[in-house]
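Novice: Let me begin by handing over the structure; questions about it come next.
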Amino acid sequence: MAVVHICRHGQDEDNFEGLLNGRRDRPLTQLGREQATALSQKLKERGMTYDIILTSPLQRANETARIIGEALSVNVETENELVEREFGVLTGKPMEQIRTHAGENVVQGDRVLYFLSVDGAETFDECYDRAARVLQRVDANFAGKCVLLVCHGDIGKMLLAVRRKITWREGIMLPYFANTDVLET
C-alpha cells in the first residue's frame, strides 16, 4: 500500500468568479499560483518528501502539481482519472443555480451545497468508483512509496472516503477541502 496525500489545486478563474467548473479547463489565478508556491515552501519546511506526484489533466491541478514538483524536485505524472467530477448542465454556472437545476436533489456539506444528479453529470457513486480505481493503481504501482495526488474538491473527497472506507455520502460530509489543502489518508 502507498502512503497517499491528497491536494486540491490552487484558486482558478472559476473559483474566483464563483462558478462551478467541473471539467472546464480554466487556469490558476495569480493567487492560485501564490497558494501553490506557499504550499511547496510549507512542505519543504516540514521536510515532506514524495516519491511521485500524480495530477489531474486539468490545467489548474497540473500547474499546481508542477509548482510543487519543481520546488520539491519530484517528478509529476498525469493520472487522467484524477479529473474533477463531470458537472453536466451546471458546468460554468454560478453556484447559486444549483437548486435551479437540481431541485431538492442536493446535500448540504460543511461549506458546499452538493448536487446529486443533474443532466449530464457524473454521480457520486461513479466518482467514488473512479476514486477506488485510482487508489488501486496507486497502491499496485507505488507500494511503500509516498504519493501526492493533486486533484479537485469532489474527486478529492471521494479519494479520502475510499481510503477511510466510508461511503460517498459520508465523504461529502467531511470538512471543507479548500484550495491547496493537503489531506493525509
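The backbone N, Cα and C atoms fix where each Cβ goes, and this holds for glycine too.
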Novice: Among Arg23, Arg46, Arg60, which residue shares the substrate site with Arg8, His9, Gly10, Gln11, Asp12, Glu13, Asp14, Asn15 according to TrEMBL?
Specialist: Arg60
Novice: Give the residue from the recorded positions His9, Arg60 that has the most other Cβ atoms within 10 Å of its Cβ, counting over every protein chain displayed.
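Specialist: Result for the most crowded candidate: Arg60.
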Novice: Least buried of the recorded positions Asp12, Asp14, Glu84, going by other Cβ atoms within 10 Å?
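Specialist: Result for the recorded positions Asp12, Asp14, Glu84: minimum number of other Cβ atoms within 10 Å at Asp14.
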Novice: Using Cα coordinates, what distance in whole Å links Glu84 (active site, proton donor/acceptor) and Asp14 (substrate binding site)?
Specialist: 13
Novice: Give me the largest Cα to Cα distance among Arg8, His9, Gly10, Gln11, Asp12, Glu13, Asp14, Asn15, Arg60, the residues the record lists as binding substrate, in Å as a whole number.
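Specialist: 15 Å is the greatest Cα spacing among the residues binding substrate.
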Novice: Hey, for the substrate site built from Arg8, His9, Gly10, Gln11, Asp12, Glu13, Asp14, Asn15, Arg60, who else sits with CB inside 8 A of the CB center?
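Specialist: These residues sit around the substrate site: Phe16, Asn21, Arg26, Leu28, Thr29, Gly32, Asn179.
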Novice: Which residues does Gly10 (substrate binding site) neighbour through Cβ under 8 Å, counting only same-chain ones at least six apart?
Specialist: Leu28, Thr29, Leu31, Gly32, Arg33, Glu34, Gln35, Ala36, Leu39, Arg60, Glu63, Thr64, Ile67, Asn179, Thr180
